[in-house]
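Participant: Would you mind keeping the following structure in view while I ask a few things?
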Amino acid sequence: MVAHTRADSAPKPTDPALAGARILVVEARYYDAIADELLAGALAAIEAADARATVVTVPGALEIPAAAAILLDTGAYDAVVALGCVIRGETGHYDIVAGESARALMDLSVQRRVPLGNGILTVETEAQALARARVAEMNKGGGAAEAALGVLALKRMADGARPR
C-alpha cells in the first residue's frame, strides 16, 4: 500500500496563513481599460484573503520583471502579481514582449523563491483581452492573484509558518 498525502494550496478567504501577507502588484497600464479590469480582479482576490496590496505602475509588460525585482530587494513583499496585456500587432515585437516578460517572471519566481502570479495577457485582439480581463467574465487578474496567494500559502506551510 502506498501512502498518499495531498496538500491543497488553494487560498481560502479565511486562510490564516495569508492574513496580513504583503502582495506587490506590478501593473503595466499600456491599455487602461484592460488594466483597470485586471487590477480590480486582483485587488478583490487579495482583499478576500485578508492580505495587503501595494500597487506600482510601469509603462509596459517588459518593465514588470525589473520593477518587481527592484522592489523585492526591499524585503517588504511576500508575493508578486504581474498584470498587463500584450496584443499581437503586425510585427514580431509581440513574440519578444510576450516571451521575454514571461521568462523573466518565471526566472524571478524560481531563483528568488517568491510566489508570483502572472496575469500578463497575451492575445490577438483587444476584444479577447477585455473578455479575459473583465471581473464578470474570465477575471484573469483575480486568477493571477489567487495563483500567487496559493503558492504563498504552500510556501508558508512548507516553511512551517502555517498556524495549526
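Glycine residues also receive a Cβ, built from the backbone N, Cα and C atoms like all the rest.
Remember, it's a predicted structure, so these values are computed and weren't measured experimentally.
Below are the features listed in Swiss-Prot for this protein:
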type	residues	note
ACT_SITE	HIS93	active site, proton donor
BINDING	TYR30, ALA61, LEU62, GLU63, CYS85, VAL86, ILE87, ASN118	5-amino-6-(D-ribitylamino)uracil binding site
BINDING	GLU90, THR91, ARG132	(2S)-2-hydroxy-3-oxobutyl phosphate binding site
Participant: Let me know the DSSP-derived helix, strand or coil state of THR91 ((2S)-2-hydroxy-3-oxobutyl phosphate binding site), please.
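Facilitator: Coil, per DSSP.
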Participant: Which three-state DSSP class does TYR30 (5-amino-6-(D-ribitylamino)uracil binding site) fall into?
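Facilitator: Where TYR30 (5-amino-6-(D-ribitylamino)uracil binding site) sits, the three-state DSSP reduction gives coil.
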Participant: Between C-alpha atoms, which of these recorded positions comes nearest to ASN118 (5-amino-6-(D-ribitylamino)uracil binding site): GLU90, THR91, HIS93, ARG132?
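Facilitator: Ranked by Cα distance from ASN118 (5-amino-6-(D-ribitylamino)uracil binding site), first place goes to ARG132.
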Participant: Using the structure shown, find which entry in GLU63, GLU90 (the binding-site residues) has the sparsest Cβ neighbourhood within 10 Å.
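Facilitator: Fewest other Cβ atoms within 10 Å, among the binding-site residues GLU63, GLU90, is found for GLU90.
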Participant: Greatest CA-CA distance (Å) over the residues TYR30, ALA61, LEU62, GLU63, CYS85, VAL86, ILE87, ASN118 that the record ties to 5-amino-6-(D-ribitylamino)uracil?
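Facilitator: Greatest Cα separation within the listed binding residues comes to 16 Å.
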Participant: From the recorded positions GLU90, THR91, HIS93, ARG132, pick the residue whose C-alpha lies nearest to the C-alpha of ALA61 (5-amino-6-(D-ribitylamino)uracil binding site).
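Facilitator: If we rank GLU90, THR91, HIS93, ARG132 by Cα distance to ALA61 (5-amino-6-(D-ribitylamino)uracil binding site), first place goes to HIS93.
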Participant: Indicate the candidate from LEU62, CYS85, VAL86 with the smallest number of other Cβ atoms within 10 Å of its Cβ, considering only these binding-site residues.
Facilitator: LEU62
Participant: Through the lens of DSSP with three states only, how would you label GLU63 (5-amino-6-(D-ribitylamino)uracil binding site)?
Facilitator: helix
Participant: Tell me which of the binding-site residues THR91, ASN118 sits in the most Cβ-dense spot, judged by other Cβ atoms within 10 Å.
Facilitator: ASN118
